[in-house]
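Here's the structure we're looking at; comments come further down.
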Amino acid sequence: MTTISPHVHSPRQKQGFLAWLWMWLTTLDHKKVGILYLCGGGFFFLIGGIEAILIRIQLAVPENTFLVGSAYNQVLTMHGTTMIFLAAMPMIFALMNAVVPLQIGARDVAFPFLNSLGFWLFFLGGLILNVSWFLGGAPDGGWTAYTPLSSEYLGSGMDFYILGLQVAGAGTLMGGINFLVTIINMRAPGMTFMRMPLFTWTALVTSALILFAFPALTVGLFFELFDKIFGANFFNATNGGNSVIWEHIFWIFGHPEVYILILPAFGVISEVIPTFAKKRLFGYSSMVFATVLIGFLAFMVWVHHMFTVGLGPMANSIFAIATMAIAIPTGMKIFNWMFTMWGGQIHFNTANLFAIGFIPTFVMGGVTGVMLAVPAADFQYHDSYFVIAHFHYVIVGGVVFGLLSAIFYWWPKMFGKFLNETLGKFTFWFFFFGFHFTFFPQHFLGLMGMPRRYFTYFKGEGLEAGNLISSIGASGMAIATILLVINIVITTAKGKKAKGDAWGLGRTLEWSIASPAPEYNFAQTPLVKGIDPLWKAKMEGNKKLTPAEPLGDIHMPSPSILPFLMSLSLTLASFGFIYADINGMGALVFAGIGIGLMFLLMLIHSLKDDHGFHIHKEEIIETEKGAE
Amino acid sequence: MATNQSDINVYVEKQKRKRELQHYYVSFVLMILFTILAFAAVMLRDSINDYLIAIFIVTMAIVQVVFQLYYFMHMKDKDHGFPSLFLYGGAAVAFLTVISFVSIIWIS
């Protein structure tokens, strides 16, 4: 994906591969960081997908010996960890980076340096996790890393899990803070909160959830790190610790985490469906209310992952009711999307197919969610394939459908070219049917008693047919993904160029500027007069939005290599801690060097006076002419 | 007339700054006083009930946090809605979590 925007004005502009690499390593432009997130997330999505295929190959037939014991545990742990932390999260950030500043009429994010630092921390954290394959084995304690199993009984893989997630999690937290401040402080004149597009609203609530949830993970991982490396006893029951506390900490983070993932997907659907139904979003204010309510309830339900721990009927019933309550705001959203489509002029292109396919698929995942929220029934479902089916229906059927819809919808805005629609529709149908064939039978496998995380099952238990169908279905999703990659390669080489309002139906501000957006986004900050400002302007017969300021020089931040170097130094520190556990405390020297380097780089960043640079008025006029 | 008006504005600004400085001094002195009182309470633990001392110290701490946030970190000023929202939101989430731990989940 070597899409270099034609509007690069950075002072360091040079030619050649090294200059190109330097540009990507140092960029602070939120649109480029978004592309980096998309590439990073896409890369890990492919790795996680390969791991999924390996799992399905092992389970395709009974008593298979393709992946046995610890090898299987490593693949399943890395599949879950990679997909949640290294594929879904960065893809969400890719969309937020690419779209949110454009939707609120901002020139940049609030903290461009932090934004870039967040990306590099995520990417290097992901690499720390994945190099474990070559350095003595990947983590094998499940993506939830329950103690004491993962802190006392497993090998060095869990060190990579702890440090990799610690680094990637720090990056996510930074990204969340950046978007909170951006959305609160940098909206264009007239863009009140109740005029913000729904995707921006969900980005705001998701960022708030990140702010409150990720510190819990950070603390939990530190506890586990201290238990493993320095012999602390937070989770060691024989020395007075309590291993259930890890479960609490993990799920106090982990439940908001799944809402962090699904809320932006809701936002995408709320953008795509009105656009391609040519109607305003039905029940805008109730959608906002539902988003905020889901965000709030996200923190009140973590115990529903722990019904079988034995916390007692009182705790279980309270958390069961809180969990069921979430179905109400979610149901509001589902009905609002359907009412939006009702009587609309629906365009069935790929983005909209994914959005429409999302609705029934996600409802099925939601319904099994309410079933799982009943504690008495959960004792039956717990740790069975029923749970696997449920969360793949909400995470693949919800988050991934939303992400794919968003990729097709905003691709022209990010890269200036359309993805191929024919190939796109093949992607959709292969993915849709592949997905349902894979996960629908797993409900029944679970009800028949197949436990999750086991590497095999026996003949004659009635599990053969369901597993075989499931494995065949998985190949459908693999084909869809390969088609998408082919689509990206072909259209990058010779795709149809997109206009500013690429679909001709754009409603929100991002479609009022050129595709891809120029480095400064808006030559003149627009004046927002209502919900869907671009649609409003078009209906009033205006070609352009009313500007809120005269044309002038635009101030931009200078590119910087420091975020990359900072992330490298923390990576060095992480390997110091990992090898302190494997080879003895001598390796802590490297941890010290890494952390020292980090502080040095922070000092350099604080002391170095960098006032950025200006894009001059003449240059802007020239660029805007080219975009016409 | 115009100069007169600007003179008044300058005067009002000055008074405001003076008032703010006074607030700083008063709250600073009070915070030091509360800290001394908290230490004093612990020093007198032979003659006062332990629970009373605990409650007293925690109250002093809360009052100090309020002073810190409102007077030194400007939360009493205008346009601090979002910091307050997130502070109170975070406090509410933390409070509910702790309450559920001590009341229905019984972590011990």
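Each residue, glycine too, has its Cβ placed from N, Cα and C.
These features come from TrEMBL:
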DOMAIN    A:18-529  domain 'Cytochrome oxidase subunit I profile'
TRANSMEM  A:35-57  transmembrane segment
TRANSMEM  A:77-100  transmembrane segment
TRANSMEM  A:112-135  transmembrane segment
TRANSMEM  A:160-186  transmembrane segment
TRANSMEM  A:198-223  transmembrane segment
TRANSMEM  A:249-269  transmembrane segment
TRANSMEM  A:281-303  transmembrane segment
TRANSMEM  A:315-339  transmembrane segment
TRANSMEM  A:351-374  transmembrane segment
TRANSMEM  A:386-411  transmembrane segment
TRANSMEM  A:465-490  transmembrane segment
TRANSMEM  A:586-607  transmembrane segment
Cβ-based contact of the transmembrane segment (A:77-100) with the transmembrane segment (A:351-374), 3 or more pairs under 8 Å: no
Listed stretch, out of A:198-223, A:315-339, A:465-490, A:586-607, that has the most CB pairs under 8 angstroms to the transmembrane segment (A:160-186): A:198-223
Contact between the transmembrane segment (A:35-57) and the transmembrane segment (A:465-490) (at least 3 Cβ pairs under 8 Å, separation 6+): yes
For the transmembrane segment (A:315-339), distant same-chain residues with Cβ under 8 A (at least six beyond the ends): 266, 269-270, 273, 281-283, 286-287, 289-291, 293-294, 297, 300-304, 307, 359, 362-363, 366, 369-370, 373-375
Region pair the transmembrane segment (A:249-269) / the transmembrane segment (A:351-374), three or more CB pairs under 8 Å: yes
Other parts of the chain folded back onto the transmembrane segment (A:281-303), taken as Cβ under 8 Å at six or more residues beyond its ends: 194, 198, 201-202, 205-206, 208-209, 212-213, 248, 251-252, 254-256, 259, 263, 266-267, 270, 273-274, 311, 315-316, 319, 322-323, 325-326, 329-330, 332-333, 336-337, 339-340, 342, 531
Positions on the same chain near the transmembrane segment (A:351-374), where near means CB under 8 A and six or more residues out: 265, 268-269, 272-273, 276, 304, 320, 323-324, 327, 330, 334, 337-338, 341, 381, 386-387, 389-394, 397-398, 401-402, 404-406, 408-409, 425, 428, 432, 435-436, 443
Model confidence over the domain 'Cytochrome oxidase subunit I profile' (A:18-529), averaged pLDDT: 94
